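S.K.: Okay, handing you the structure first.
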Amino acid sequence: MTDFSLYLVTDPHLGGGPERVAGIVEDAINGGVTVVQLRDKDADEQTFREHAMELKRVCDRLGVPLFLNDRFAVAAELSCHVHIGQGDLPYVQARRQLPGHLMIGLTIETMDQLETVIADCTRAGIALPDVVGLGPVQATDTKPDAPQAVGVDGVAAMAKVARAHGIASVAIGGVGLANAADLARTGVDGLCVVSAIMAAPSPAEAARELLDVWEAGRRVAQPRVLTIAGTDPTGGAGVQADLKSIAAAGGFGMSVITALVAQNTHGVTGVHTPPADFLDEQLESVFSDVTVDAVKLGMLGRADTVRQVTGWLRTRPHGPVILDPVMVATSGDSLLDPDATEALLELATVVDVITPNIPELAVLCGEQPAPSFDAAIEQARRFATDVGTTVIVKGGHLTGPRADNAVVYPDGSVHMVANPRVDTTNSHGTGCSLSAALATRMGAGHPVDKALDWATRWLNEALRGADALQVGSGSGPVDHFAVTRRLLRAADATPWPHLRMGAPSDGIITPSDTQSPAPALAPAGPYTRALWEATGDVLGEILDSGFIRGLGDGTLSREEFLFYIDQDAHYLRQYSRALATLSSRAPDAPAQVDWATSAAECITVEAELHRTYLNKGLAETGVSAPSPVTMAYTDFLIARSHADDYVVGAAAVLPCYWLYAEIGLILAKQNHPEHPYTDWLDTYSGEGFLAGTVKAIARVEAAMAGAGPDQQRVAAQTYLSACVHEREFFDQATRQGWN
């Protein structure tokens, strides 16, 4: 299906003249333009043909369709699509004149014009326009003779009718950044612009800005997602898994049943297919009442069912369609009749995205299963090009430490999604779940690459939680709500346990329920020993967190690590101020020097590590703004070091030394020269940092020894609060990016 998100109409009088049009178009396509229309009313036939050939070479190379403005002979010769206006050849005649495989777009200025062309096509038995340009939205200098503007509301009304008849639509006339967001909510399939890009200093940047606003405006708070698939009584696959996945991805799930499947975690024992008229009745009940923002197709089973669903998708309005070509269950059981493959190939031309596993991709291509991920991508390239549909390549069926995914576009370009393999035998329904989550994110307005990034990350955590579910005695399901529950726990506003308990009647702090491991860096005396003995619960939570486990084994995503490094750069700036304050308040010269030296190191040695990572080209942007978690921690440190007793401030800054050193030494056992985060592991297990930590422990011991009982208890509670802030600081990287 053609992506009409950003439709560029050229103008030879903008951007420096006709000779610059091809360069502007190429730049604009690189910025995100998805369709190009060559318009040059004044050019003679030969000149127009030359310009069309030049643009065709650019568009073909970059995988973007090219429409020609009302030049049928040139379009037929060069195999280009055509756009016509109300004053050009009547649409029915145009459709009969142009070869059927070429698209025709039509300008629509009023509702009467739209209803007339639909009626004319129905009477003549002619296919409806492939796309209609609705407008003008407002008056525009590029078409001074344009009819009266219809406004955003007029576009919305016509877009609803067009969508109901399966006609794509774009808003035209006076479209730009000022109204792109409003137009994105009208139901049109894209924005059609001229001067907004042709006259821009940077066409690529102008295209990116328009596309960003368009995509943001298209996002639905809770997309309505329809799954059309078979069932799984044990809940791990089929529509049961789809509905869980849709909910987890933020959608409202609806379901139409194609087959009642008797299956569990061991396999399939029977399939019952309801009558075809009942499938029609189910589909009618949904499409006649509810706007469908996305469709996920799963098990269709039989050739007639595949063709039946294909017919519905061709004639009813809906958002993006994601096809999971369910042919073989994880258990090895066949879920598609042998004669249905041809019908499925036809369906693949109708959908937006197809998500086969490795064996299914091989069947679709008529080849042997790919032995490697690279080979699978090449298979997908051939299939995507032949069918014109985006393919998701999934590495889960391969072997090795990686289970990467990829988006393969019809033009052959690839978007890779890194994904560490999860060691589990409980993977029932992963294909259903990934495609349903993908459909939901796309239904919310996210492009397929961002949608796959999200769905891959989500499914990886769902797989990591699968073993704990204990559903069935075979290959069990994934934990669809693992992320949801983790984020709910993180959002809990209940006061931290050590603050609710208060200080003990004897001693300065209560030991943790979880025994603290023997520290690699020993306490400097009884007070720091008591602090360490209270650390076990928090330290255990930190070591068990997904962030620290991924940091240790190298599977932490690049995005999560860079978020952490970015926030740590903000943290160190404020932490150095807290240390400098302690230097000014320290009771003796050695402590003053040590705190001051530590403050300087924060903004030199360690900050250099962060600048190195952030400037390696690994981050799209430099240091951003501090997160709420980072601000809470740094504000806490600044307040404790400035406003409380010296001993309290000293206790507050200690966990950043001691916990980091202990964690760094534990993770160092997994370090190796090829480790993606070897610099970080080297730094926090290195002799320099460890020596500084030993001195900090000694300074806190001395401060505690010189303080009174009440000060000691406040300092101990402050130390534990800082430990919890450390846990939150590490964990925040795995909480961002889920919206």
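Along the chain as shown, residues are numbered 1 onward.
Cβ coordinates are placed from backbone N, Cα and C, and glycine is handled just like the others.
Because the structure is a prediction, the values reported are computed rather than measured.
For Gln37, Leu38, Arg39, Asp40, Lys41, Asn69, Thr107, Lys143, the entry in Swiss-Prot reads 4-amino-2-methyl-5-(diphosphooxymethyl)pyrimidine binding site. What Swiss-Prot lists as Mg(2+) binding site is Asp70, Asp88. Look at Swiss-Prot and you will find Gln263 tagged as 4-amino-5-hydroxymethyl-2-methylpyrimidine binding site. Annotation source Swiss-Prot lists region 'Thiamine-phosphate synthase' at 1-210. The region 'Hydroxymethylpyrimidine/phosphomethylpyrimidine kinase' annotation in Swiss-Prot covers 226-481. Taken from Swiss-Prot, the feature region 'Thiaminase-2' covers 527-739.
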S.K.: Please report the Cα separation of Asp40 (4-amino-2-methyl-5-(diphosphooxymethyl)pyrimidine binding site) and Asp88 (Mg(2+) binding site) in Å, rounded to an integer.
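M.R.: Cα-Cα distance, Asp40 (4-amino-2-methyl-5-(diphosphooxymethyl)pyrimidine binding site) to Asp88 (Mg(2+) binding site): 14 Å.
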S.K.: Please report the number of other Cβ atoms within 10 Å of the Cβ of Gln37 (4-amino-2-methyl-5-(diphosphooxymethyl)pyrimidine binding site).
M.R.: 22
S.K.: Out of the binding-site residues Gln37, Lys41, Asn69, Asp88, give me the one sitting nearest to Gln263 (4-amino-5-hydroxymethyl-2-methylpyrimidine binding site) by CA distance.
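M.R.: With Cα distances computed to Gln263 (4-amino-5-hydroxymethyl-2-methylpyrimidine binding site), the winner among Gln37, Lys41, Asn69, Asp88 is Gln37.
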S.K.: Would you mind listing, in sequence order, the residues at least six apart from Lys41 (4-amino-2-methyl-5-(diphosphooxymethyl)pyrimidine binding site) in the same chain with a Cβ closer than 8 Å to its Cβ?
M.R.: Asn69
S.K.: Only counting partners 6 or more residues apart, tell me which same-chain residues put their Cβ under 8 Å from the Cβ of Asp88 (Mg(2+) binding site).
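M.R.: Non-local contacts for Asp88 (Mg(2+) binding site): Asp70, Ala94.
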S.K.: Among Asn69, Gln263, all listed as binding-site residues, which has the most CB atoms within 10 Å of its CB?
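M.R.: Comparing the binding-site residues Asn69, Gln263, the most crowded Cβ belongs to Gln263.
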S.K.: Just checking, which of Asp40, Asp70 (binding-site residues) has the fewest C-beta atoms within 10 Å of its C-beta?
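M.R.: Each of the binding-site residues Asp40, Asp70 was scored; lowest Cβ tally within 10 Å is Asp70.
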S.K.: Return the count of C-beta atoms lying within 10 angstroms of the C-beta of Arg39 (4-amino-2-methyl-5-(diphosphooxymethyl)pyrimidine binding site), excluding that atom itself.
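M.R.: That number is 19.
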S.K.: Under 8 Å Cβ-Cβ from Thr107 (4-amino-2-methyl-5-(diphosphooxymethyl)pyrimidine binding site), six or more apart in the same chain: what's there?
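M.R.: Thr107 (4-amino-2-methyl-5-(diphosphooxymethyl)pyrimidine binding site) has long-range Cβ partners His83, Ile84, Gly85, Gln86, Val132, Gly133, Ile172.
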S.K.: Would you mind pulling the DSSP three-state label for Gln37 (4-amino-2-methyl-5-(diphosphooxymethyl)pyrimidine binding site)?
M.R.: strand
S.K.: Please work out the number of neighbouring Cβ atoms within 10 Å of the Cβ of Leu38 (4-amino-2-methyl-5-(diphosphooxymethyl)pyrimidine binding site), leaving out its own Cβ.
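M.R.: Here the count is 28.
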